[in-house]
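Could you have a look at this structure, given as structure tokens, before my questions?
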Amino acid sequence: MKPGSGTLTINIMSEGKAETYEGVYQCTARNERGAAISNNIVVRPSRSPLWTKEKLEPITLRNGQSLVLPCRPPLGLPPPIIFWMDNSFQRLPQSERVSQGLNGDLYFSNVLPEDTREDYICYARFNHTQTIQQKQPISVKVISVDELNDTIAANLSDTEFYSAKPNRERPPTFLTPEGNTSNKEELRGNVLSLECIAEGLPTPVIYWIKEDGTLPTNRTFYRNFKKTLQIIQVSEADSGNYQCIAKNALGAIHHTISVTVKAAPYWILAPQNLVLSPGEDGSLICRANGNPKPRISWLSNGVPIEIAPDDPSRKIDGDTIIFSNVQERSSAVYQCNASNEYGYLLANAFVNVLAEPPRILTSANTLYQVIANRPALLDCAFFGSPLPTIEWFKGAKGSALRDDIYVLHENGTLEIPVAQKDSTGTYTCVARNKLGMAKNEVHLEIKDPTRIIKQPEYAVVQRGSTVSFECKVKHDHTLTLTITWLKDNGELPSNGRFTVDKDHLEVADVRDSDGGAYTCVANTTLDMVSASAVLSVVAPTPTPAPIYDVPNPPFDLELTDQLDKSVQLSWTPGDDNNSPITKFIIEYEDAMHEAGLWHHQTEVSGMQTTAQLKLSPYVNYSFRVMAVNSLGRSLPSEPSEQYLTKAAEPDTNPTAVEGLGSEPDNLVITWKPLNGFESNGPGLQYKVSWLQKDGDDEWASVVVANVSKYIVSGTPTFVPYLIKVQALNDVGFAPEPAVVMGHSGEDLPMVAPGNVRVNVVNSTLAEVHWDPVPLKSIRGHLQGYRIYYWKAQEGSLKRNRRHIEKKILTFQGNKTHGMLPGLEPFSHYALNVRVVNGKGEGPASPDRVFNTPEGVPSAPSSLKIINPTLDSLTLEWDPPSRPNGILTEYTLKYQPINSTHELGPLVDLKIPANKTRWTLKNLNFSTRYKFYFYAQTAAGSGSQITEEAVTTVDEAGILPPDVGAGKAMASRQVDIATQGWFIGLMCAVALLILILLIVCFIRRNKGGKYPVKEKEDAHADPEIQPMKEDDGTFGEYSDAEDHKPLKKGSRTPSDRTVKKEDSDDSLVDYGEGVNGQFNEDGSFIGQYSGKKEKEPAEGNESSEAPSPVNAMNSFV
């Protein structure tokens, strides 16, 4: 053994026989603190003994019999490897019928004539001695049944001859192992080998199964034509019964092998070294397992602990040594020995009692340089006893660095997971124990990453031309940059055609061999980036006519510089199809929240192939790019790889926050929730807070799930609340939200408006005044005041209230008066006023009644002219449908119309109000008269109704109507009407009138006038009633054409009844239907409801202007 070395060298060649050194060796290492010992090392010389001399008789057997050729090699160390060969050193062929067993014997399930030979030789190879021993050859002869019969014919009777059948088939029987059962033991971790070899005819096939279990799939192997089952790395779980089954056409047999897996000791927990300081406690634990269970024994410095020097700080408890209040004399090396019948384990563990102040082993002022956004590891190797605690500080007066941003490793190393520019500085490592303190400063510099800002671009060039690749790099100016160009990941050809100039590579006189991938590699001492482009070389071709189209989609999308809120996307443009690319459009998909939906991200210039994209937290991004040229947009590229950003607290709070009560005692807080993209992280919730304004309470709040509403119950009725809704997720809270004002639920108003007054302005208009309701009594948002009014008969206000049709006008806001238009003159009305809030109406004020004064009447309902005679006409009429007061009289005006439509003198006649029939006498015979008829009240004259009639020639009756006038008398000379010239003249006149009517129709559509209308305008009635303005009432509308003579071509109903046109005012005429409104000056702003029925029209007035179609119908 060399001095200072623990290796023992034995030179057998020069120092005697190997047997001299046979034995058990153990190494012991010792110093003043203890002794360690090694495992026992057994040294045994290898042996390769010769075969025992034996005489081997030739073997003769019948065809089909089984045969076992024994080998029985000599015992060697280690055991030899067995194989069978012939005299020519050729291995004997083996098969399912012939195979070698684990013991080395050669087994024949049945023999065949070709098995006859004289050189079955078993060989044993001893690897350590590199020798091969040979057994004596064995001779085997296989004879047929005929040969056997010839051999024994002279000595045996006929009955003892073998059957003429050449082979006797038989079911399987086992050659090995013997019997129906056997046992097998194997050690844990070894290879379990089970063997079954059977004989039979035909040759049996072997199967293996495990009772009550399955064979382990990954550790089971079959050898020797499935006659051997092997399980590697055997464990206690492999114990059990295994069956081998031999089967042929005549039957099957099985053999059960009971396997027991034993185990030499193996460690569960080996003892670990202890470094303690004086007064500390500790323990050594030694736990092992095996089958059978190993016995644990302890040694101290190589001596059994039972006889080792006593140590009061030490206590043995089975597989554990417990140390209490150790002192420096307690230092020792302890050995744990775990033994059973199959082996043992030995482990050394020292207990070193030291009192050492801290020491920092890392060199002082070490400089660390790290690329931004990468981890930084600052070392602080230390030693001390007791074990020092480590703290890190940044700067001269910085506080201790904590685990929330930094990672403090047990070995003292400080890790900055993502180093930023502000991480630059001096860091101090401080090691402390009770014996002292040590510190060390290191320096950290953060460098900008190296980036390729313009990558080489894909190029297709013609053979013989020149191509250039550009690779612009941006790097930290304090680092040295080296740019290297590679071709197909190898060095550039050493050829003058390749020129590298700063950030350019130029290839001149391009050849086919120059095609490939060119890579720009930018290196600094801290990082490396690269970018590649492909060069394709094509043969020169005639320039074809350019094809213009939208660009091909970009490809090769790549994400780099992946940070929490940004990433760099790069791509390779597709062919621009002869129209330069003007821009690229970048879209993104959020596979987590809106899979399949693409959103616009940004646009960049068509000269760029990279883009720095801003990202939102907790989004699973994928990107695609589209190219745009003057012809349009390309198809989208294939999506990039997905990039999931880290979660963060929400950036925004919900919008549209409102507080409205749905019931008088609650507050319903609603908001528009954040969408999944805005949530910024999992676990989106909302913190809903509310505070009664001008109250003494504190803010109340509750955290709710991702909903859009929260109901606060038990609130006072209609009080203001301050409300805010803040978003939060599993990471944290959004910024402080804005405060909005809301109100708890409204209730119906409690008080009716007071002091209601009515001022009648005129016969159709009244003004209502009231006192406002106090705000506290409204109990809600004031919507306005609502006036209910209805027409009632005197003394019947409280009777049949259900059947009275009420009208409603609403005046918005805090109004205290309003106008009621559209009242009926000479009527009895009642009204009340109610205040309205968001909940509904309050109670009604006491009913107030008022009367409207008389107004002018409407036109008489009808006017008939009956019983015409030579000099008289009788008029019948119906009174006005709306007298609007007490009728005082009727006025009848009439005047003759000659054949040229000129009007004669006007006659005015007053008729008592109680009359409905009147006869006019002393009229001219065969004369047309126009009548104007209207009623009067104390307020004035009403609308008129007109009619025309003709006196007769004789007493025969009324004439049939003629073409232009609607009524005409028959000719007294009947013979003229039957004359041909008269008939021709009438046809000519009718044709001229038809042409005139068509011309008039055309001119009228163009806005012009025609002579007939001018003549009619000349005869307008000079006494047409104007709108009355002196009393403030609305006058009745009167059609000017009512005062014109009957136009030629108009029609009069056959019963000569004239119906008035309804021209009465309706509230609909004042504004927006039933919901119009009036200002306080009477203009329409209120809301009108209720039905106001119009009288049905019973016919067209005779004064209605005819259309050309009517004229043509009359003519026909």
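Just so it is clear, glycine is given a Cβ too, placed from its N, Cα and C backbone atoms.
This is the feature table in TrEMBL:
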- 45-139: domain 'Ig-like' (DOMAIN)
- 163-182: region 'Disordered' (REGION)
- 171-260: domain 'Ig-like' (DOMAIN)
- 265-352: domain 'Ig-like' (DOMAIN)
- 358-445: domain 'Ig-like' (DOMAIN)
- 449-536: domain 'Ig-like' (DOMAIN)
- 553-648: domain 'Fibronectin type-III' (DOMAIN)
- 650-747: domain 'Fibronectin type-III' (DOMAIN)
- 752-855: domain 'Fibronectin type-III' (DOMAIN)
- 859-956: domain 'Fibronectin type-III' (DOMAIN)
- 981-1002: transmembrane segment (TRANSMEM)
- 1011-1031: compositional bias 'Basic and acidic residues' (COMPBIAS)
- 1011-1116: region 'Disordered' (REGION)
- 1053-1062: compositional bias 'Basic and acidic residues' (COMPBIAS)
- 1100-1116: compositional bias 'Polar residues' (COMPBIAS)
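Help me understand the surroundings of these features in the structure.
For the domain 'Ig-like' (45-139), the DSSP counts in helix, strand and coil order read 3 helix, 37 strand, 55 coil.
For the domain 'Ig-like' (171-260), the model's pLDDT averages out at 93.
Summarised by DSSP class, the composition of the domain 'Ig-like' (265-352) is 3 helix, 52 strand, 33 coil.
Mapped onto DSSP helix, strand and coil, the domain 'Ig-like' (358-445) counts 3 helix, 47 strand, 38 coil.
DSSP places the residues of the domain 'Ig-like' (449-536) in helix, strand and coil in these numbers: 3 helix, 48 strand, 37 coil.
Residue counts for the domain 'Fibronectin type-III' (650-747) under DSSP (helix as H, G, I; strand as E, B; rest coil) come to 0 helix, 45 strand, 53 coil.
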In the domain 'Fibronectin type-III' (859-956), how many residues does DSSP put in helix, strand and coil?
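Once the DSSP states are binned, the domain 'Fibronectin type-III' (859-956) shows 0 helix, 53 strand, 45 coil.
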What does the DSSP secondary structure composition of the domain 'Fibronectin type-III' (553-648) look like, as residue counts for helix, strand and coil?
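Secondary-structure breakdown of the domain 'Fibronectin type-III' (553-648): 0 helix, 52 strand, 44 coil.
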Based on DSSP, tally up the residues of the domain 'Ig-like' (171-260) by helix, strand and coil.
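Each residue of the domain 'Ig-like' (171-260) counted once, the result is 3 helix, 55 strand, 32 coil.
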Top stretch among 45-139, 358-445, 553-648, 650-747, 752-855 for CB pairs under 8 A with the domain 'Ig-like' (265-352)?
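Between the stretches 45-139, 358-445, 553-648, 650-747, 752-855, 358-445 has the largest tally.
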